[in-house]
Structure formats: structure tokens, C-alpha cells
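This report refers to the structure that appears directly beneath it.
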Amino acid sequence: MALLPDLGTEIVIPLCAVIGIVFSLVQWFLVSKVKLSPERGGASAANNGKNGYSEYLIEEEDGVNDQNVVVKCAEIQNAISEGATSFLFTEYQYVGIFMVAFAILIFLFLGSVEGFSTKSQPCTYDEEKLCKPALATAIFSTVSFLLGAVTSVISGFLGMKIATYANARTTLEARKGVGKAFITAFRSGAVMGFLLAANGLLVLYIAINLFKLYYGDDWEGLFEAITGYGLGGSSMALFGRVGGGIYTKAADVGADLVGKVERNIPEDDPRNPAVIADNVGDNVGDIAGMGSDLFGSYAESSCAALVVASISSFGNSHDFTAMCYPLLISSMGILVCLITTLFATDFFEIKAVKEIEPALKNQLIISTILMTVGIAIVTWTCLPSSFTIFNFGTQKVVKNWQLFLCVCVGLWAGLIIGFVTEYYTSNAYSPVQDVADSCRTGAATNVIFGLALGYKSVIIPIFAIAISIFVSFTFAAMYGIAVAALGMLSTIATGLAIDAYGPISDNAGGIAEMAGMSHRIRERTDALDAAGNTTAAIGKGFAIGSAALVSLALFGAFVSRAAISSVDVLTPKVFIGLIVGAMLPYWFSAMTMKSVGSAALKMVEEVRRQFNTIPGLMEGHAKPDYATCVKISTDASIKEMIPPGALVMLTPLIVGTFFGVETLSGVLAGSLVSGVQIAISASNTGGAWDNAKKYIEAGASEHARTLGPKGSEPHKAAVIGDTIGDPLKDTSGPSLNILIKLMAVESLVFAPFFATHGGLLFKIF
């Protein structure tokens, strides 16, 4: 028997979620104390900061005590916020139509499994018992799909709101020093991280309890219906990531190519017509998209673990506390991340630029170490000492310490992937410096070195994922893999805080440039931004690694659910699935890359047109027409996100219906194996090119100074590399991990239909 009684579980999970929400509101309140209105009282003069001398002196020294800078910052922030909100609303309208259509599809497909009958049926895994009819599963799967979709959309939207709220505040804080700006950006990232982790947990927990009112003791049906939650979360994430990614990169590539390479004006120069669209893009792609993406992983790994557990001894003996083990890990994660966040904002103060990256890295290390202890506590208080786990038709005996190791293996694999990603994308280490060095001989060598770096960066993460799969599967079968994925995502609040920090400081730098602030402030925001680039790459590494584990766990649940005893690669049905599945990530990447290319083409033409036709634009007398550029990005991304989305959503349906579950299992395995490789290499190549360019621009070392200043030939070559890398690291790479997960979770939700009615073509012959 577990130490924690069922009543304890029912209190602990919602309590931790509420603590997370309260903590994020407190952080938001602290950010909101930075004022964006140009009132100046004597209060700030009396406020002697920790730096020893009062803050107003520093402002005098920079000559920015003038009110028009604050007004300008507020104006720019307003424009960015409006652009992001209007884009997300447009996107959600289209996605909303899709949601409703897909919900109807789920209902029809799953309801037709038993011809829409309302009679109780014998259970799939235990023929003697009676379970609720398939119609109930259809209705409840549809409801949980909509719940997951709405939660995902809200997560992304709230993240975008707080990011656009904090960007100008970070810029203004940068006048007082780099430490203050760092805390503001980091706190706003934390708001998003905690809101998302807590909301995801709370909604899932409430859904389980509401569904229980109907299902009663039929846990197998209950948790099968809950899988819709993961499907909803990820399908929204797909459109958010692809749409947002196309938006941000069309603007970014357009702004860079005309502004930096042709006109030789700095990045984020207010004369550049695409500059507002570029800054809006950071928020809709990196923040709203990333939020929905990690929420999707999180929902799916929970669903995969719950489905497998419901047909293991936890479900058969109706042990609610042990059943909620995945949710209890996430609850523990919220508390651990809360303590970790205080290390960055309150326990230590950052005084110099070089302390930024270590502070962010320490976040990962501290949260991982604390979480290891947290997992031990949860495991020994919530699980019986020995239990059985469903393993492809047999029950496998598992001890609680083995499950503890499964979660830890996932957690530490995440840390390793994070650090390897950092090594390959941060300009503090030799890989990126080599790429920067290759710019001496032009753009071609830069591209060759960058691609090689990306391919090489795949090696260690894949070994880390392989080892965690082997260990967790050996100990606890598919349930082990599901909880390993959960372990990787257990510190999601910290991971997201670090990740959202990047785009916020990127925006802060853009606002400083547009408001015409002094060179020193721009240097501070650039330092924040370069660290943010690396952390964004780390966040993507986490997302891809967890997607691989989650997808495998979902695959296991699908195989159990579709009643396939084993998947044999040598049967032609499975092999054709494998080879086609491995092709899908390439097809998908081709679509997203081409979309970015054609949208960027339109953007470049528009920016050139404005430079050529608006008199006095280059001299700074006339204002560019920002709105047209925002409109180009919006239209392109809405139009272009449909085909890749349709490819991912329709493939499992078509394959399952016409070719049956064996071929579909091949497709899932193939897309997982090839998708992970492309995703890791694409996002690391892009990150490395971006930081190689930053390395040359910052000129912080002797080596970097020989390559630059801005505008030199090596710098131009670096900008070209960065521009090629943009769609790789922000559109194709991050969307691929959603492709992997989404196809698996969709197959799981539709498994009952495929098992009864699938494989039409093979039935004919």
C-alpha cells in the first residue's frame, strides 16, 4: 500500500497547480512595477539600489532621463502587442473551424466502431467484465480533444501577452544595468512557464475527475477517452508552431536581407519597414508556438502513461494514488521549479554580462538535482513496493525503485541534451567559433561548416535518448518510457522560463534600437539576447528529446490498444510503412521551408519597394509603412500553414483506414526515427549560424575582431548563413517534433476504429 492516501492525492495535485498559478501572478505583479509612463517622482532618487549609488545618477550619465524615450518605448511595445494579438486572433479563427471539424470526425470514427450502439460491451483486455460502450468513448474523447485544444490555445496566448507586456519593461530596466534587465526578462518567462505547467495539470486533473462520474469503475475506458486531451493540445501546437514560424521567419529574412545586406543599416533599425513584423514574429513563433508545443508534449506523455497504467495493476486494483503517479510527478515539478526560479531572481544578483549564461545554465542544473530528490519522494510515498505493468499482452512485475530510475533517466537525459545543444550553439565554445571563422572565405564555407555542425550535434542526443529508452523499457516496459518522457518534462516550468526569456530579450534589444537609446544599452540587451539564443536552442533540444520519448510511449499504447502482438519489420506491410514514414519529415520540411521562402520573397519585394518609393525614408525623415509588412506575414502564414497541417493530420487517418494498423505502426516508427534526426540537426545548425553572426558583431575576443566590424565581408557571409538558418531553426526543426508526437497520439485516439474497420485495401485483395 502507498503511504499517501487517495484523499491526499486529491488535495496535493490541485494544490500544487494553484500554487503554480499564484506564483506566476506574483512574478507578473513584480514585472508590472516597472512603469511605462513617463512620470518621474523623487522616489527613485531616494531608492538606493544594491549597487550602492542611487539609480537616477546612472540615468543622468546615459543622458536618457528624457521622457520621450519612455514614450517611444511604450508606443513600440503597443505596436508589437497589437500586431501579435491580431495575428493570433486571425490564426485562432481558422484553427477554430478546423477544431470543430476534427471533433466531429473523432466522434463519427469512434462512434462507428460498434455502430453507435449504447449497450455496454465486454472490455478489450478482460472479456468477463462489461465496459462502457464505444459511443461513450467517442463522446468523451471529443470533449477531451476540445479541452486540450482550448488549453493549448490559452497557454500560447497568455505567454504571448506577458512577453509583449515585458519587452519594453526589460529595455527600460537595462538603463539601470544588465542585472535588472535580466531579472525582468526572466520573471516574465517564469510567468509563462508556471501558468502553462499549472494549467495543463489542473485541466487534466479536473477532466479525469469529471469523466470518473460517468465511467465509475471502468478506468480503461476513462483513460482511453482522456487521450483526446493530448491530441487536442498537439494539433493546436502544430498550427501555432507552423503558422507562427512562417510568420516570424518571413519577416526576419525580409528585414535582414534588405536592411543589413543591401542597405547596410543595423538590425531593428526603425527605418526598416519589416521591423515591427519581425518583432511581432518573435512573440507568435517562439513564445506562443513554443508554449503550445511543450504543453502538447506534456499532455501526451501524461496521457500515454495513464493509458498504459489503466490496464496494469494500478488500474485493475483501482489504486487512485498510484494511477495518478504521472500527475504527482508534474505537481512535484511545479514546486521544484518554484524554488529554482528564486535562485535566478532573488538569491543571487547578476552584475556583469558574463554571468548571464551561467545563471541560465544553473537553472537547468539546480532544477534537475532538486527534481531527482522530488521524484524519489513521490515514488516512495505514492507507489506500492511492487506492482505489475502491462507489456504487450503479459503483465510484467516492476518494483518502485525501478520506476524511480525510469523517471530519472529521462530527467538526466534531458539535461545532457540541453548541454550538448548549448555546446554546439553557444558562441563561447569552439564549434560556433569555427563556423564564424569559416566566414573569412565567404558564405559557401559558412554554410558547409554549419551543416556539418548540425549533423554532428545529433550524435550524443541520440545516444542519450537510446540509453533512456533501453533502461526504461527494460525496467517497466512502455510505462517506463512514458514516465521517462514525463521526467524530461517535469521541470517544464523552468525550461519554459529559460526559453521565453530569449524572445523577450530579443524584443527588448529591438525596442532599444528603435527608440534610439544609447549604444551602451544596446550592448546590454545584445548580451541578454545572445544568451537567449542559446537557451532557446536548449529549449528546442528538450522539446525534441521529449517528443521522441513521448512518441515512443504513445506508439506502445497504440500497439497495445490496436491489439497487435508484435510489429515485424520483415513483413512487407510493415516495411512499406517504415520507409514511407521515414520520408514524411522530409516532405513536411520541404513544405515549411518553401512557405518561408515564398513569404520572404514577398516581404523582400515590399521592403525594397518602400525604400525605393518613399522619399526621405533612408534619411529618417519619413516613416515606413509597417502595417503592410505585418499584413504580408499574416496572410502568408495563415495560407501556408494549412498544407503541412493537413499532411500530418490526414496521414494516420488515410494509412489506418486503407492499409490497417500494421502499416500504420510502420509509418509511426519510420517518422519517429527520421524526424528526430532532422529536427535536432536543423535547430542546431540554425542556432549556430545565428550565434556565429552575433559572435562577429559583438567583437568580444581578439579572434572575433579580426572578422568584423558589422558590414565587413565575413560579417555579410555570416548574415547569409543566419538567414538560411532562420527557417531551419524556427520553422522546420521545432515543427517536426510536433509531427512525430501528433501522428502517434492521433493513431492512439483512432486505434479502436482502425482495429475494427481499418485496412480496407488489404481486405479487398
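From the backbone N, Cα and C atoms, a Cβ is placed for every residue, glycine too.
What TrEMBL records for this protein:
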- 12-31: transmembrane segment (TRANSMEM)
- 94-113: transmembrane segment (TRANSMEM)
- 133-160: transmembrane segment (TRANSMEM)
- 181-208: transmembrane segment (TRANSMEM)
- 322-344: transmembrane segment (TRANSMEM)
- 364-383: transmembrane segment (TRANSMEM)
- 403-424: transmembrane segment (TRANSMEM)
- 458-486: transmembrane segment (TRANSMEM)
- 542-564: transmembrane segment (TRANSMEM)
- 570-588: transmembrane segment (TRANSMEM)
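Sequence-distant residue pairs (6 or more apart) of the transmembrane segment (94-113) and the transmembrane segment (12-31) include fewer than 3 whose Cβ atoms are under 8 Å, leaving the two stretches without contact. Cβ atoms under 8 Å from those of the transmembrane segment (181-208) belong to residues 13-14, 16-21, 23-25, 27-28, 30-31, 34, 144, 147, 151, 154-155, 158-159, 162-163, 165-166, 169-171, 173-174, 222-223, 226, 229, 233, 287, 291, 294-295, 298-299, 302, 306, 327, 330-331, 333-334, 337-338, 341, 344-345, 350, 356, 359, 492-501, 504-505, 508, 524-525, 528, 532 of the same chain, restricted to positions at least 6 beyond its ends.
The stretch with the most CB contacts under 8 Å to the transmembrane segment (403-424), chosen from 322-344, 542-564, 570-588, is 542-564. Among residues of the same chain six or more beyond the transmembrane segment (322-344), those with a C-beta under 8 A of the stretch's C-beta atoms are 2, 9, 12-13, 15-17, 19-20, 23, 27, 183, 186, 190, 193-194, 197-198, 200-201, 204-205, 219, 298, 301-302, 305-306, 309-310, 314-315, 359-360, 362-363, 366-367, 370-371, 374-375, 377-379, 382-384, 387, 403, 407, 482-483, 486-487, 489-494, 497.
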